[in-house]
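Participant: Marked as substrate binding site by Swiss-Prot on the basis of sequence analysis: R77, Y205, G206, G207, S256, N373, S374, R375. Look at Swiss-Prot and you will find K214, H234, D283 tagged as Mn(2+) binding site. Summarising the annotation, Swiss-Prot assigns GTP binding site to A257, C258, G259, K260, T261, N262, R375, R406, Y499, G500, D501, N502 and lists sequence analysis as the type of evidence. Per Swiss-Prot, active site is recorded for C258. The annotation region 'Disordered' is assigned in Swiss-Prot to 362-388.
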Amino acid sequence: MSTSPAARPTSNAHLLGWVDEMAKLCKPDRVYWCDGSEAEKKRLTDDAVAAKVLIPLDQQKWPGCHYHHSNSSDVARVEHLTFICTPTKEQAGPTNNWMEPKEAYRKLGAIFDGSMKGRTMYVVPYVMGPSTSPFAKVGIEITDSVYVALNMGIMARMGKVALDRLGDSDEFNRGLHSVADCNPERRFICHFPQDNTIWSVGSGYGGNALLGKKCLALRIASYLAKNEGWLAEHMLILEAESPTGEKQYVAAAFPSACGKTNFAMMIPPAAFPGWKIRTVGDDISWMRVGEDGRLWAVNPENGYFGVAPGTNRKTNPNAMDSVRKDTIFTNVARTPDGDIWWEGMDHEAPAELIDWKGQPWKKGSTEKAAHPNSRFTAPAKNNPAISPLVDDPKGVPISAIIFGGRRSTTVPLVLEAFNWTHGVYLGSTMGSETTAAATGQVGVVRRDPMAMLPFIGYDCGSYLQHWLDMQSRIPNPPKIFLVNWFRKSAEGKFLWPGYGDNMRVLKWMLDRAAGRAPAKETLLGYTPGDSGLDLHGLDVSKDAIAAATQIDLGEWEQELESQSEWFEKLGKTLPRPLALQRELLLERVRAARKVK
C-alpha cells in the first residue's frame, strides 16, 4: 500500500488514526486524499474514463458531462438492506431495520476485509452546509469508487475546505464505503448514530454510496438534531420574491418523485408577472431557531441528485439548464455519438439508442431506454434560478412548512393547519403512492411522515415527539400546510395542472403566512375557499377545481381508519397529542356525516 506523508494533508491525529485503521481493514493498493481542486477533478475524471467507469459525452452539446451506467442490480436505495444500529431495537423503532452495533461491525467488517485489494482508497473530506455556518457538519468518506469521489465533489463542499473546518477536532462523521463485489446478497448500509459512523458496502448507487446525502444529512443528522434541538428534514427550500420585492422562504417535504425538484425550481406562470422563484435547496433542509425566534434553514448540499425521466423544458426548464455542463448522468440512455435521452424528454427518442443496461435499443421497444430512477448529478451553481443566499452561513428564515404526498383521492389541493400540533399531525399521517426511487411495489399508498420514513435515524414516535417539542423552542413558528398536486378524477385524469401553476397555491400560502389572506375554516383545516386562490389565466374548469379541493367525508372516514393502523404500528412511543388529533378529526367527520 502506498501513501506518502506529503499526501496526508492534515495533522489531525483522530482522522489519521481512523484512516490508517480502515486501510488496514480494507487493504487497498494505495491511499489517495482528495483536495477538491479543479486539477484533481480533471485527473480523477480522466482516470474514470480510462477505467470505463465514465464515458465522455459530446463535449460540444454537453461540456464537461459524462455518462455512467451502474450494475443492473444496483439502481436505487435498498430500504430492506438499510439498518439503524443502535444499542437496543427500541431506539431504532418499528419503522427501521435494526442490527446490533457489534454484530453489524463484525458482519460488515468481514466483507470490508480486503475489499479494496488492487484498488485505490479515496479519502474524501467534505462539509455539509456552508463551511463557515454554525449549521455545518464535517464528514470523511473513505471509498474505493472514483465515481463516488467525483459525485461527492459535486454534491458537497469537498476537499481542503472540510479539513480546514475540522482542524484538530474529533467531531466528524466516519463514513466507510466499498462497492466490494456489488453482490446484492452482501449489500448493507449501516448507520451507527451513537458513533456518528456509516458503513456502506456492496452498492455504488447514489443514496447508498454518497454518504453525505441521505445517510449523514438525514439519518445521522436527524439523531444529532434531536439531541441538539434542531431539525434535519427531507425538504426543499425555495425563495419567493413578489413583484414588490418582498422575499419569503418556505421549506417543503415531498416523498421521492413527488415533484420536489420541480417545485424548488418552479417558473411562475405568465399570469404572475414580476414573481420570481429561486432555489435554496431541492432535497434537504437543516433548520435551527434563530436569535429572532424564527426557524432558519440551510441547504447542506452543494448539488442536485435529480431523477432524469420526466424532466424537460416544460416541467423544469431550470433543471434542464442545470445539467447542461459538468454533470454526471447515471443510467439514462445514450447515443453512440455522445448524446443522451430519457423518457419524458422534450424530443422523441432517436431511432436507436444504447439503453441503461448498455444494450442496443430501438424506438418502439416496450423496454424503458432509461431506468425510471436514472439520475443526474449537477452542481447547484449551474442553476440559473439559484438564490444568492444559498451560501449564507445564517441560512434563510422560514415562513411556511409544506407537507405533500402523491394521493389520487381524499386529500384536497391545500390545507393550512389549525396550529403547530395539528400541523405535526398532518405531516405525521402523510401518505404517498410508492415510486421507483426505492425498490419495491409501485403505486401502493404508504404512510411517510414528513417524507422521512426511510430517513429517520431513530425511533419514529420519538421523532414525532421531537417535532412537537420544537414548538416550545420556536417563539415565532412558521405556518404549516398540506398540499396534494396529484388528485385525479373518476376517469383517472389529474384535476390540477401542477408545475408552474402550483405558484397559485404557493401565493395563497405565502399570503396566509404574512397574515393577509382570507381562509375558510373546515373540519380538516383552513382552506382558500371559493375565492382564495388566484385562478386568473388558468384554463381549468370550475368543476375540476371543485373536485381538487373537495372534502369527501366518506373517504375521510376510511382515511382515518387507515391512519389508526399506522399509529398502531408506531407503538407505545406514538405521542398522545397526535392520537388525540386523529380522534378529534374522526368525531368532526362523523358529526358532519350525521348532519348530511
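Including glycine, each Cβ sits where the backbone N, Cα and C put it.
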Participant: What three-state secondary structure does DSSP assign to G206 (substrate binding site)?
Facilitator: helix
Participant: From the Cα of T261 (GTP binding site) across to the Cα of D283 (Mn(2+) binding site), what is the distance in angstrom?
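Facilitator: It is 7 Å, counting Cα to Cα.
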Participant: Long-range neighbours only, meaning 6 or more apart in sequence with Cβ under 8 Å: which ones does Y205 (substrate binding site) have?
Facilitator: S70, D74, V75, A76, R77
Participant: Quick one: Cα separation, Y499 (GTP binding site) versus K214 (Mn(2+) binding site), in Å?
Facilitator: 25
Participant: Hey, of the binding-site residues listed (S256, S374), which one tops the CB count within 10 A?
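Facilitator: Selected residue: S374.
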Participant: Can you give me the same-chain residues 6 or more apart in sequence from R375 (substrate binding site) with a CB-CB distance under 8 Å?
Facilitator: G206, F305, G306, V307, A308, F329, T330, N331
Participant: For T261 (GTP binding site) and H234 (Mn(2+) binding site), what Cα-Cα distance in Å is obtained after rounding to a whole number?
Facilitator: 12
Participant: Taking only the Cα atoms, work out how far S256 (substrate binding site) lies from H234 (Mn(2+) binding site), in Å, as a whole number.
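Facilitator: The separation of the Cα atoms works out to 9 Å.
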Participant: Do me a favour and check the Cα-Cα span between S374 (substrate binding site) and G259 (GTP binding site); whole Å is fine.
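Facilitator: Counting only the Cα atoms, the answer is 15 Å.
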Participant: Find, for the listed binding-site residues D283, D501, the residue with the lowest Cβ contact count at a 10 Å cut-off, counting only other Cβ atoms.
Facilitator: D501
Participant: Cα of K214 (Mn(2+) binding site) to Cα of D501 (GTP binding site): how many Å, rounded?
Facilitator: 30
Participant: Let me make sure I understand the span of the substrate site: among R77, Y205, G206, G207, S256, N373, S374, R375, what is the greatest distance between any two Cα atoms, in Å?
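Facilitator: So the maximum pairwise Cα distance among the substrate binders is 15 Å.
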Participant: Over all shown protein chains, what is the count of other CB atoms within 10 A of the CB belonging to Y499 (GTP binding site)?
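Facilitator: Excluding its own Cβ, Y499 (GTP binding site) sees 17 Cβ atoms within 10 Å.
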Participant: Would you list, in sequence order, the residues of this chain other than K214, H234, D283 that have their CB within 8 A of the centroid of the site's CB atoms, where the site is the one recorded for Mn(2+)?
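Facilitator: These residues sit around the Mn(2+) site: K213, A217, L218, I284, F455.
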Participant: Hey, which of the binding-site residues R77, K214, H234 is the loneliest by Cβ count within 10 Å?
Facilitator: R77
